[in-house]
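Visitor: There's a structure below that I have some questions on.
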Amino acid sequence: MTNTQTFEHQIHIIGGGLAGSEAAWQLAEAGIKVKLSEMRGSGEMTPAHQTEGLAELVCSNSFRSDDADRNAVGLLHQEMRTLGSLIMASAEKSKVPAGSALAVDRDIFSDHVTKALENHPNIQIVRERVDNLPEAGPTIIATGPLTAMTLAQSIGAATGEDALAFFDAIAPIIHRDSIDMDICWMASRWDKVGPEGDGKDYINCPMDKEQYLAFHQGLMDGDKTEFKQWEKDTPYFEGCMPIEVMASRGVETLRYGPMKPVGLDNPRTGRWPYAVVQLRQDNKLGTLWNMVGFQTKLKHGAQVELFRTIPGLEKAEFARLGGLHRNTFINSPRLLDEQLRLKSAPHIRFAGQMTGCEGYVESASIGLLAGRFAAAELQGRTLDSPPITTALGALLGHITGGAEASDFQPMNVNFGLFPPPEGKVHKKQRKEAYTSRARADLQRWINGEPEAIAAE
Ligand SMILES: Cc1cc2nc3c(=O)[nH]c(=O)nc-3n(C[C@H](O)[C@H](O)[C@H](O)COP(=O)(O)OP(=O)(O)OC[C@H]3O[C@@H](n4cnc5c(N)ncnc54)[C@H](O)[C@@H]3O)c2cc1C
């Protein structure tokens, strides 16, 4: 451990979440001395974190699809693994079954990241809240969507605009032994078998039409959390929308979203139910299960009352109830250059969700790039951005220039951010065309070779 008085850092990273942890690792592995400031553990907490562990996952325990051939986030996993990502290595060590998705035991995962960083000779971890943007010295800001208000104000003042904000919601977690398995059953959709699972990875709670309609009405009528004044008029991110907001869009919306029954044969009837609530394993022990897609801003009492009307959850005991939180990000296309540096103060880089990417993996991947860019700069090397045909390059492109600054919104990685494959490619081969091109181009970037397709 390096937490001694004599440690002289070459770069300061603020925020020890997914992005800050990955950036610290990349820099330290490149031989750069890093000071990592994390406010949790100094008596401070965010509204969503619950521990002092680095890289704590605040809601779902899923890193989404691990399919590197047909899915953009699976490809991003693979690219990060190729580049020695600590976040991906820690996910590997803490995997739990989740079909074709990569899901982790959140405590084992965070513990692995924390220990790896604590034990690295080039890293000093300081538990402190930083309130101002440093005026000099290489710095990476990775304080995430719940950046402490004082620092958010300092960033707002330095960038000449207020940091933007919108809402995110978190889903409830239930104790496994309180779920009635005489009603529910285990299955993955279409019995799909993933690398860690057996085609029976989710707990499924079936609903008939009458139960579904009553549940929908309950969501509409349920007591909701009041908005605070500063929260008014801020939009939701579509990928993490509260269940009751989805319900308000139409009585059928949930049956085409998180309550979709297709591909889920109920063994007791031999048919798909009218609607389904799915739970996914949340810890390695298999004692905790989260309600998939059930992020909510219903009041806690209303959640317990309504969710216990779901067949099989009548006696559900909740380890955590859903909630609603602020999300803070900057207008990156306007403020950052293609190396993630603040144009007006280039000693400062931004990383993670603050840059306007969305998701655990995306946040960590931008941390990885910020760390590598900073390491190259400190060592007097030039490191070009990864090609836009790779998942890393496509996401970076969205953040630093792909979107109009006027309507910039956070984004998960997806094939829409990549240039289309060259020539005629049959629809069925399109995804593989994206991913095989990405692999070849990432390798060229790693080897320092020119891009196969010139940036158009
Ligand atoms: C409520 C909520 C639920 C989410 N659910 C999901 C989900 O289910 N799946 C998903 O993929 N993504 C989810 N996200 C989005 C996003 O992926 C995560 O927030 C992710 O953790 C972002 O990584 P990060 O490194 O940018 O920030 P974080 O992981 O939040 O890390 C930031 C760190 O900075 C610290 N910090 C803040 N201010 C200061 C300061 N002034 N000084 C020192 N330290 C500071 C914080 O304590 C924290 O440890 C969610 C976001 C929120 C807010």
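Glycine is no exception: its Cβ is also placed from the backbone N, Cα and C atoms.
Nobody curates TrEMBL annotations by hand; they come from automatic prediction.
TrEMBL lists these features:
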BINDING   Gly15, Gly16, Gly17, Leu18, Ala19, Gly20  FAD binding site
DOMAIN    11-381  domain 'MnmG N-terminal'
Visitor: Near Gly16 (FAD binding site), which residues of its own chain have a C-beta under 8 A away, given they sit six or more steps off in sequence?
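Guide: Same-chain residues close to Gly16 (FAD binding site) (Cβ under 8 Å, separated by 6 or more) are Ala24, Leu36, Ser37, Glu38, Arg40, Leu54, Ala55, Leu117, Ile125.
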Visitor: Given the recorded FAD site (Gly15, Gly16, Gly17, Leu18, Ala19, Gly20), which additional residues of the same chain have their Cβ within 8 Å of the Cβ centre, ordered by sequence?
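Guide: For the FAD site, the extra neighbours are Ile13, Ser21, Glu22, Ala23, Glu38, Leu54, Ala55, Ala142, Thr143, Gly144, Ala351, Gly352, Ser363, Gly367.
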Visitor: Identify, among the binding-site residues Leu18, Ala19, the residue whose Cβ has the fewest other Cβ atoms within 10 Å in this structure.
Guide: Leu18
Visitor: List every residue in the same chain as Gly20 (FAD binding site), at least 6 positions away in sequence, whose Cβ is under 8 Å from its Cβ.
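Guide: The answer is Ile13, Ile14, Leu36, Glu38, Leu54, Ile140, Ala142, Thr143, Ala351, Gly352, Gly367.
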Visitor: Over the domain 'MnmG N-terminal' (11-381), what does the predicted model average in pLDDT?
Guide: 92
